Amino acid sequence: MQSPSASDDDATEFIDFLNIVYWGFVWQTVLFGVSICQGFLYFSNYNDRLPLKAYVSFLLFLDVSSTIAWTTGLHTDIVQNWGASVSLSFSSPFLVAESVSTLTMTFLTQMFFAHRVYLLHPSRPPIPVIIVIFAVIALGGGITRITLSLTTSSDAISEARVKVANLLENGFAAVGDTIATIAMCLKFVESALDTRRMASVLRRLKIYTVNRGVIVTMVHISIVALFWYAPEKLYWAPLHMCAGKLYVNTLLAMLNARQGLRSDAGFTDRSDGTAQSSTLGVKALVDPTDVVMPSIDLAPAMPISSIHRSSVTHQEALESKALTPPPQP
């Protein structure tokens, strides 16, 4: 889209343009602040292993980079070039850098949840494989869109090939997120049938998972709809500015929720959480086989009836010992 100059007679179009950019920047700034707060809480409260810390640190770095790129790009295109015919087709180096950062954040977060689904469904490898395939297709669509923005003019944003690239990027990302959300929720529902003790924990996990899936999926669907409706109007731009940050925020929110989940599960500390036999064990440390997220063990270590019988037997032994008279000297 060619943003009108300050001297154009069509002031309404220019005001609409600034309005879209302004609100997109406001939403992005708010989400960036949330990311910083979530990151501070994470590093302050959790002593996870280095791979997970490095993963979170890199996501926060990308979040900061995308914010700086958008801020610098908008300042260059709107302030420094005020009064000139400015192109805001994401072809400037700063906005290209922002697109690369957002695309990387999206892909890495989808890989994160694909790994989670694999850990929850180790006997069903096709499910995480499908999620990975959709994420790779979305990554390819994003790379194609960025390449087209560098090699074509700003007027090409309405061309069919650009729309198809946008559809591949956001459409397949939405489908992959939906599959991951459904797969995790089905596992939580299946586990909820095994025990009542963990009902509140499983309920919270389902709420977190569904909320995260709905948010990111609706963002992608809205971007596709608005881009196909009027790509040159940039109605989709504010959502694009916020997409990567929503992925980071929802991921950090789930990581920071572990302490509350562990408390609801009755685990007083990390070792307690790994030692107790229950349907859902929430661990704070990364398992050796899980370099991305703390392990969530959804398989009971022993049947609940066995746990009950063991408790009764132990109690009977204590009572018998208490009733046994001490030996006579």
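Positions of Cβ are set from backbone N, Cα and C atoms, glycine also.
Copied over from TrEMBL:
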DOMAIN    173-259  domain 'DUF6534'
TRANSMEM  20-43  transmembrane segment
TRANSMEM  55-74  transmembrane segment
TRANSMEM  94-115  transmembrane segment
TRANSMEM  127-151  transmembrane segment
TRANSMEM  171-189  transmembrane segment
TRANSMEM  210-229  transmembrane segment
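Taking Cβ pairs closer than 8 Å, the transmembrane segment (210-229) reaches residues 163, 166-167, 170-171, 173-174, 177-178, 180-182, 185, 235-236, 239-240, 242-243, 246-247, 250-251, 253-254 in its own chain, all 6 or more past its ends. Residues of the domain 'DUF6534' (173-259) grouped by DSSP class, helix first, strand second and coil last, total 76 helix, 0 strand, 11 coil.
Outside the transmembrane segment (171-189) by six or more residues, the chain places 106, 110, 113-114, 116-117, 120-121, 127, 130-131, 134-135, 137-138, 141, 202, 205-206, 209-210, 212-214, 216-217, 220-221, 224, 298 with a CB less than 8 A from a CB of the stretch. The average pLDDT computed for the domain 'DUF6534' (173-259) is 86.
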